[in-house]
Every structure is written in C-alpha cells, then in structure tokens.
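Per Swiss-Prot, the feature domain 'Glutamine amidotransferase type-1' maps to 9-198; the stated evidence is sequence analysis. For 86, the entry in Swiss-Prot reads active site, nucleophile. Summarising the annotation, Swiss-Prot assigns domain 'GMPS ATP-PPase' to 199-388 and lists sequence analysis as the type of evidence. Summarising the annotation, Swiss-Prot assigns ATP binding site to 226, 227, 228, 229, 230, 231, 232.
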C-alpha cells in the first residue's frame, strides 16, 4: 500500500511465523501504521517506502537449513532501526558475524528473563515473563552488540547494538503471553524509531480516497455487495471517493441469512442513495453446487460463480473496468503467502479465474476486522450496521457441512436467526466477537412427544477475539444457551439436538469450513 510521504511506517518482514500479523496489529494499536511484506523485498523498495523502523519476524525454520529465508544484509546499513524477533534475531546474528547453533531441545512456552536496557526495556521491571518459541540459539553475538537480557536457558535472550540501533529478542513480544510485550514494542516504535503515533481512520480515509481517485480516474467500478460489514464499508468508501461512478452488484445467491437481501437494498440503496443492482442468482449457484461436499471446492465454485455473475452484469454496462471486494488482511493471510501454508482459500482471493476481465480494487485488504468497524463509524455508517455479525462471502454455503440443499439451508437460516435474536436480547452483541450456527452432516436419535426421531444436529459457534487471528470460545451463561437450544429444537423443523463448540483458534478456525 502506497502511503503519503508524511505517514509514519513500521515495516515488518515476514519469515513465516504464525504470529507475524500480530506484530503489525500491536503496532497499529499504538496509532502507528505498519505493513507486513515478504522478506525478499528489495533495498530499493524499502528506501521508497521510507519506513521509520524495520521488524524481522519469527519463523519456523533454522537459519542453517538449506534454502532458509534470508534478507539483503544492506538492510542493516540503511540507518533505519531494526528489531529481530526469534528467527529475526538469529538471522541478524548470523549475517552480522555472530554464531548460531541448533539447540539440544526446542524451547517453547513461558520463561523468565532478566533485563538491562534503557531503550527496549525502558521503564519495565528487570524480571519479566516472556513467551519463547525457537529451536536455534545464539552462542556468540556479533561485534558491537551487548547482551540486554538473559534467562536460565540462554545467555542471549535479547541483544542490542545501540550505535547502529539494531536489536534482537529471542522471544515473542507480540503475543499476550509475554508480560510486557506491548511495552517493549512501544519502546522500539516510540523511543528508538521516534514515531509520534498519528495514524487514524481519518488519515486512512483521506489516503485511500486519493488512491482510488487516482487509479480509477473517470472509469467505473463494480462493487461486490454481500450484505456483510466488509463489503458494506468498501461500498461506502468507494461511493465517497467516486460517487455515481460506482455501481454495486448485490448477488443474492440464495446463501444469505434471514432477511439479508431486503435489508441490504433498504439500508444502502435507499439510505446511502447508492446505485445497487440486485441479481437473483439462487438457481444458478445451487445448480453449480449440486453434489459438491468438499469445502474447498465449494468455496472455489462460489468464488468463481460470483465473478461470472459480475461478468454478465458488467456486459450490460459500459466502461466498467474495476471490481471492488471487501477482502481483509486476515483473508489474505489465511489464503497463504510465500511463507505461510494455506489454511483455507478465501473466496475473494482464491477463487478468481485467471481470465477475469476486471482489475481488482481491495481498499481494506490491509485492515483487520476491528479496524474496518472503526472505519465504518468514521464513514458515517450506523453502528447497528457496523456491528453486524461477520458473514463470509460464501455465505451459508460453508455453514452447511457437506452437500448443500434447500432444506439444510433453511435449518441454518432459521436457527441462526434465533441465535442472533437471543444474543441481542441478552445484550451480548458487543461481548462476543462472532456467533453463528452450523449444520454438521450428522443426524442422531431423539424423542419428541411420544415418538422416536432421527433428525439433524445444529452446532453453535460463538467466540471472543480482538482481531480474528486468534480466538477463544465465548463463556455464554448456561441459561442463555439453554434458551437458544430450546427455541431451536422447538421452532426449527427436523432438528432434535443442539451442541456448543468449545474449541479455540488455533487449533480450529472460526468457521467450520
């Protein structure tokens, strides 16, 4: 993302750590803009971006493995502060002349370190708890470096070259298990890099609107409206930037929540005076999905069909060159990067055909979900719309496990409406990050009245989270869960059992498919 010259930037280089997005997230929480880029970024690109600081993320590899990730050592000569985290510290040590070796056993979990530094650890207790996760260890630091923290298991828990402003820590300050991790990152960003912390959603809007106007010119844009928070925010942002050059295409694929289609037309078509075309493509999608049970295949089919529908609609319009989507940072990450294994393909980034005729515009693909909500409020979208439940592009298609049928969709649609109603009545909307029902491909025996039943099981998924990268199951009061269960079993046909998902992310993802 191209930033205005006055915008402070902390550049995070990705070496494949499962935590690397958290680094970016923590820095943004300080009001400083941060981006995650591949470790192969060139020196020229870095100079052009003009970051105030560079952070080298952790990673699962050893610095001595064949083909292990590395960087251009010239990074250390740019005069820009550098902080290496775990793998980033080991790589820094190796590239600058120190020594690293394979540890006898992997160090994983909490550890106590003792610190001594007036920069990274300024204002922090000398003894603190951190989260270790590494298999290599530093045995000799480069010339010019000093030890600023040690632990019972390592003499080099943190190091610094204060003159060149190069630092390394053998633990993960970005995870919440590290007691003063945010404070350490804040010291690096504020004290070492001298960032003022002026990144706001207001700034983001100004920059993004200018980018959109420069790129689009007098051409036209189609926006994929799904009814979810992300695509709604994208539509309003684009409308603010280019007005009537925007045409929103709302594809009603028959996989929407109860009442979703009418709500979209009323709130955005009438409320924001947008040009929205509603396309009834239910039969088209259902025919494509008939007999398909594999979740990845379902996502690909839905993503492809979305684009083909857009193609059909665009052919009826003149001068449409761009397709806008509500892709988030987490969507891009979960679809896999050079250093990250694909967890699941996201329909916005993984299902697009190679011969697609549109150029993509993804104006919020560097934002996390909570940042998108803040952006929505700043854009003037009513709170009740901004705080609507996240809804994936494939819709209920990935909340019906296995093959999709009309009857199964109706079960999920009605049970989900009951869940959302009870959560709202109990005042839990803001406490729970995301909640929805799923229909596993499971039937079980039950008794209703005097009769034996053999019907469907509905699963409830409700999680708490800050940014969607990690989550835990919500501790909903048992009486509330009982109310939800009772209503679903009594009001939704062909359901005789309700279960509650008590799994965190990781190891599970929030969605079941």
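Every residue gets a Cβ built from N, Cα and C, even glycine.
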Pairwise Cα distance for residue 228 (ATP binding site)/the residue listed as 'active site, nucleophile' [Å, integer]: 38
Recorded positions (86, 229), the one with most neighbouring Cβ atoms at 10 Å: 86
Residue pair residue 229 (ATP binding site), residue 86 (active site, nucleophile) - Cα distance, angstrom, rounded: 36
Alpha-carbon spacing, residue 230 (ATP binding site) to residue 86 (active site, nucleophile), which is rounded to whole Å: 34
Non-site residues, in chain order, whose CB comes within 8 A of the mean position of the CB atoms of 226, 227, 228, 229, 230, 231, 232 at ATP: 225, 233, 234, 326, 391
Where residue 226 (ATP binding site) falls in three-state DSSP terms: coil
Distance from the residue listed as 'active site, nucleophile' back to residue 227 (ATP binding site), taken between C-alpha atoms, in Å: 41
Surrounding CB atoms that lie within 10 Å of the CB of residue 228 (ATP binding site), all protein chains: 21
Neighbourhood of residue 232 (ATP binding site) by C-beta distance under 8 A, where only residues 6 or more apart in the same chain count: 225, 268, 326, 376, 381, 385
Conformational class of residue 86 (active site, nucleophile) under the three-state DSSP mapping: coil
Inter-residue Cα distance where the pair is residue 231 (ATP binding site) and residue 86 (active site, nucleophile), in Å: 37
